[in-house]
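Features as listed in TrEMBL:
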type: DOMAIN; residues: 10-130; note: domain 'Arf-GAP'
type: DOMAIN; residues: 133-234; note: domain 'PH'
type: DOMAIN; residues: 256-361; note: domain 'PH'
């Protein structure tokens with residue numbers, strides 16, 4: 001029920017609320033927002049309205065269904081709305097900047113809201129936020145590979161050198177690790193790491209995936225690092241692929257994993273007992289780990305396209321001999337062998353099958369043919 005002074009306000013509020021431009025949350029794109037800011041003139045979902053309450057000196061929010069709206073506030077909404085706000089507050093968002101969606105974690109969504117309305121990072125051309133200049137240096141807390149303890153490490157990201165380095169000691173001259181920028185992926189992992197600002201960096205070392213887990217206590221700082229990595233990657237790709245469109249390059253920047261979770265797997269002879277492992281599907285790389293926070297994968301499977309002999313089937317082959325405790329089977333078909341997995345629930349099985357199909361139905365790129373060739377050459 002909308003509470004307003006009279007029927008005209010109710011009708012005016014319904015009219016502006018029903019406009020197509022206001023059908024999605026202004027900040028995260030969730031459908032059917034039922035909150036609004038009467039100082040910014042934007043329509044918001046419940047989660048983003050909570051973030052706006054934390055910047056109450058700039059944004060004041062009300063429920064469109066339950067709160068009282070006076071005539072002046074309704075008029076303000078009618079004069080503004082999501083399209084006007086977008087043209088103002090998102091006028092100059094860099095192509096590489098990650099715009100969160102409603103399924104993204106809190107720190108990404110909160111810093112996007114603060115960047116837009118509080119810091120006004122995107123209102124004027126030529127602004128130089130801290131993630132834009134191709135060089136970033138600072139302390140991040142890194143999880144130890146063997147003991148799981150987080151310790152401060154100095155990180156240096158350099159567009160000129162095309163790499164990310166970290167140093168064990170703050171005054172160390174030589175880095176512990178140098179990671180080439182074109183092999184990096186970065187994805188926020190608050191649940192996996194148990195930290196709201198937890199970031200997982202994956203990179204390739206001798207064509208094997210390596211994980212490092214980081215956090216910073218300040219949400220702005222960790223999101224700035226995330227966008228700095230994307231900025232350096234974007235400029236690297238602009239040079240490497242000069243004819244590619246910006247939109248095409250943007251799609252090659254950091255990506256969320258398609259799916260993660262536990263499954264059971266058996267060995268190549270398919271007679272061994274199935275073992276529980278943590279699986280990560282990072283586009284065409286299916287990796288498995290003993291523990292979700294392991295630094296190195298125990299193994300990787302390349303998932304190619306259906307035109308090249310790859311496929312996925314529900315269930316296990318008849319007569320499978322390995323013993324398993326989870327009843328919902330999946331068979332991955334590759335040109336060389338079949339891989340057998342089991343899931344604990346039918347829902348997990350269907351989600352994994354959908355993720356595999358999503359990958360298998362896409363044609364392979366020239367770079368992916370090279371990765372496939374490497375997998376075939378592996379002992």
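Note: Cβ is positioned from N, Cα and C throughout, glycine not excepted.
What TrEMBL says about a protein is an automatic prediction, not a curated fact.
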DSSP-derived helix, strand and coil totals, residue by residue, for the domain 'PH' (133-234): 23 helix, 46 strand, 33 coil
For the domain 'PH' (256-361), residues assigned helix / strand / coil by DSSP: 18 helix, 41 strand, 47 coil
Helix, strand and coil residues within the domain 'Arf-GAP' (10-130) as assigned by DSSP: 49 helix, 13 strand, 59 coil
